[in-house]
């Protein structure tokens, strides 16, 4: 079988593309590595998506998934490891199968950026990248957030009403937020401490993470806590595009034009994976734009 389009990733952008594909009567398939709905499920309260004055991230993710299922978008849970673009139709190779398609929408999003110290051995044992996933393990306990700007601010906001104390460690002289209201919320919290100009040196602990060694103006000290959340932002999920011929920028994000087209005719990228502003509203718009252009493209074949 040759699909009209294959959508790689079932976040807001991918599912929007899928909805438009099904409404356009395309033979579409969506392939998702983890959970349909995307990384928005990890968010706390979402207040900037039109139509919902206030909604929890996981609830919004579920609504996206349900909407796509209403239009019977087929979603297969598998990991895409390679796409072959030299011949038509394109070939999408997963861990468990191979698929042929006339067009592709890449909506693989991003993943947490690592600290680059010794944190890997403590993941699940005091180290986490997801406040919404793991915050309640630290009810009335002390936690550390290591990060910068909006990611660190969001994590601290998610934790401040759960943890006894939140210590934000940043290597910057100030924190900047994508929306000033977020910074206001953080400053209003009386259980949040911010340590500026602090360079993390090492995660300390034996069986589990117990704190972090930092250097502030050349002076080293150890900050103790029950848990540590790393919030340094995200990097694109584009490793599988190696040797695909699809152009990436120096940070690994997919290069596209204003219509979400890549340098290869028939292949599009939507949402966070193409960089720029990383917001649900933008990803949804990208999904709409990409699939509208794919429908036009297919009509000309």
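Even glycines carry a Cβ here, placed using N, Cα and C.
Under DSSP, residue 276 (FAD binding site) is assigned to coil, being neither helix nor strand in the three-state scheme. The FAD binding site annotation in Swiss-Prot covers 32-39, 272-280.
Look at residue 130 (disulfide bond): DSSP puts it in coil. Contacts of residue 130 (disulfide bond) defined by a Cβ separation under 8 A and a same-chain sequence distance of 6+ are given as 42, 112, 229, in order along the sequence. What Swiss-Prot records for 130-133 is disulfide bond, and it gives similarity to another entry as the kind of evidence.
Taking CA atoms as the reference points, residue 276 (FAD binding site) and residue 133 (disulfide bond) are 26 Å apart. The Cβ of 133 has fewer other Cβ atoms within 10 Å than any other of the recorded positions 133, 273.
When the alpha carbons of residue 273 (FAD binding site) and residue 133 (disulfide bond) are compared, the span between them is 22 angstrom.
Neighbour counts of Cβ atoms within 10 Å were compared for the binding-site residues 38, 276, and the top value is held by 38.
Annotation note: residue 32 (FAD binding site) sits in a strand segment as assigned by DSSP.
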